[in-house]
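Listed in Swiss-Prot for this protein:
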{"type": "DOMAIN", "residues": "13-248", "note": "domain 'PABS'"}
{"type": "BINDING", "residues": "Gln44, Gln75, Asp99, Asp119, Asp150, Gly151, Asp168", "note": "S-adenosyl 3-(methylsulfanyl)propylamine binding site"}
{"type": "BINDING", "residues": "Tyr74, Asp168, Ser169, Ser170, Asp171, Tyr236", "note": "putrescine binding site"}
{"type": "ACT_SITE", "residues": "Asp168", "note": "active site, proton acceptor"}
Amino acid sequence: MSVQELSHPLIKDGWFREINNMWPGQAMTLKVKKVLYAGKSKYQDVLVFESETYGHVLVLDGAIQATERDEFSYQEMIAHLALNSHPNPKKVLVIGGGDGGVLREVVKHECVEEAILCDIDEDVIKVSKQYLPEMSAGFNHPKVKVHIGDGFKFLQDYQNTFDVIITDSSDPDGPAEALFQKPYFQLLSDALRGGGVITTQAECMWIHLGVISNVLTAVKTVFPNVRYAYTTIPTYPSGSIGFVVASKDASIDLSKPLRKWSPEEENKLCKYYNSEIHAASFVLPTFARDVVDKATSS
């Protein structure tokens, strides 16, 4: 099926343009080889296309969520920064992450006994299973359970249950807005066991320092141990995205993994993450460090 036969308003002259108010004055463009899916779920616009250079691309409400070429740098970091900051994570919850990529990373940890994913949009899961098989492979693992529903409401039913909770959300200008505010972080804390760890998607230091500061301030009112890390990823705005990493254990250094794979295991399991980059991801440029330090100091 050609671009002309199945298209989308953001694709013009064979190019996808990521124009969004969250990053005004700039846009990522990718050359489109073939539109694979274009539709609207109950919650958002869903687009999948085959690009010339980045493989299959998942786009929600006009914003790139994942591409086959670079998705691993995000999925690995948001998962392993949290999981390797916990001494023995057995029960893990993923909020969002309907493409399955974070689940794929979670089940690489043999100590994990159960991984639950809660995503509000079943269509994203269905589309990902069809068009993003390498990412959605996580859904096939026997340790995985899937719940379709609102993550905020899901958490209200759980107390002292999970060792690690990973929030793989879209940007805070749509259905994920509530996942960037203090009441949500309180629910996360309540749902964690002692020593529990969270990671959450926390935007880009180059264009969202105000958002990052507000999120860190909110998390710090709930968790005693809060840090900010980042990864590089070409198809996200300005080429990087950050994570809030927080623990209920005030004594641990989140920049130093409590558990490590051997170098051989790391090379086999991961394309981006390793124990050295775990530590390095918390080292911030001065302009960002100053904002982060101010938001997390108490």
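Cβ coordinates come from backbone N, Cα and C, glycine included.
What Swiss-Prot annotates, mapped onto the structure for a quick look.
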residue	record	Cβ contacts under 8 Å, 6 or more apart
Tyr74	putrescine binding site	Ala66, Gly101, Thr231, Ile233, Tyr236, Ile241
Gln75	S-adenosyl 3-(methylsulfanyl)propylamine binding site	Ala66, Gly101, Val102, Arg104, Glu105, Met135
Asp99	S-adenosyl 3-(methylsulfanyl)propylamine binding site	Leu58, Gln65, Ala66, Glu71, Val124, Ile125, Ser128, Leu132, Met135, Ser136
Asp119	S-adenosyl 3-(methylsulfanyl)propylamine binding site	Ile95, Gly96, Gly97, Gly98, Ile125, Val146, His147, Ile148, Gly151
Asp150	S-adenosyl 3-(methylsulfanyl)propylamine binding site	Ile120
Asp168	S-adenosyl 3-(methylsulfanyl)propylamine binding site	Ile78, Val94, Ile95, Gly96, Gly97, Gly101, Val102, Gln201
Max Cα distance spanning Gln44, Gln75, Asp99, Asp119, Asp150, Gly151, Asp168 (S-adenosyl 3-(methylsulfanyl)propylamine binders), Å? 22
Quick one: Cα separation, Gln44 (S-adenosyl 3-(methylsulfanyl)propylamine binding site) versus Ser169 (putrescine binding site), in Å? 13
Students should find that the Cβ of Ser169 (putrescine binding site) has, within 10 Å, a number of other Cβ atoms equal to 22
So, in DSSP terms, is Ser169 (putrescine binding site) helix, strand, or coil? coil
